Amino acid sequence: MGTVLDSHFLALTAIVTVGYQLFFFIITALLKFDKVTDFAGSTNFIILAVLTLVVRGTWHFRQVILTLLVIVWGIRLAIFLLMRILQWGEDRRFDEMRDNLGKLAFFWMFQAVWVWAVSLPLTVVNASDRDPSLKAADIIGWIMWSVGIISEATADQQKLTFKNSPENRGKWCNIGLWKYSRHPNYFGELFLWWGIFVASTPVLDGAEWLVILGPIFLTLLLLFVSGIPLLEVSADKKFGNVAAYRMYKETTSPLIPLPPAAYGKVPSWFKKVFLFEFPLYSKTLPQGELSWYRTNSGGSREGVKFG
């Protein structure tokens, strides 16, 4: 089939995304029903992936593989988030939005931008007529996606299991991958979408390389806006006066999974520059000083106290 609206499907995907998100915004606003929010975001990715593949109709191997990767990710995340919110009963993110139409509209508009921007690498690949032979970038990108989705799915399930256990009520999750990263699910999310971008690069030409703005947008979003900062603030308010939590935060990487014993010894400047330990993640931490733990030969940690 011929192109629709523009040669790279940018307008087509924008219109479809806005329409899809507007539909769910109306449902949310009229019925005060926020259980479909994450479902709407995840399934929107699937719609764009299938739509752009079918409309172009070239069915190149790379197009099919990347489309399938996005579909698998979208289905997994949509089902998980829908089941989780149905179990929890409400989404606390909307506590201040349910009666504020302006804030609610801004959230849905931002979600539409998120879907459209992050989908850019796949959108452009599916819109392209180019079909170069298999490259190393393809393999690397697929491996990155695999590592990312396994990390994200594992972390999501570990945290859900932890929170569902009555004995863990009032505790922060520090089991499994959460022992090595404070946000391993976000690490997986970022890694898999950067993998999609890497796997798209054999097709990109000229201005098409601007699709890198998709994973960059996602990275900035999770690091500085609605991802890690909000969760860090929430956890600090709940557990900031608990010495064990402060030690956990001091010795656990915010994003990239690393051994706590190794991370705890890394200089603070190195953490800030290379490991995403930004000051804003601790700006609301209750006053008090957690002395630096020291690891003895047996591997135990000592020296946790408030000053």
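Using N, Cα and C of the backbone, Cβ positions are placed for all residues, glycine too.
Model, not experiment: these values are computed from the prediction.
Residues annotated as transmembrane segment in TrEMBL: 12-31, 43-59, 65-83, 104-124, 186-204, 210-231.
When Cβ distances are compared across the two stretches, the transmembrane segment (210-231) makes contact with the transmembrane segment (104-124), since 3 or more pairs at least 6 residues apart fall below 8 angstroms. Nonlocal intrachain contacts for the transmembrane segment (43-59), taken as residues 6+ away from its ends with a CB within less than 8 angstroms of a stretch CB, comprise 1, 4, 9, 12-13, 16-17, 20-21, 66-67, 70-71, 73-75, 78, 112, 115-116, 118-119, 122-123, 126-129, 131.
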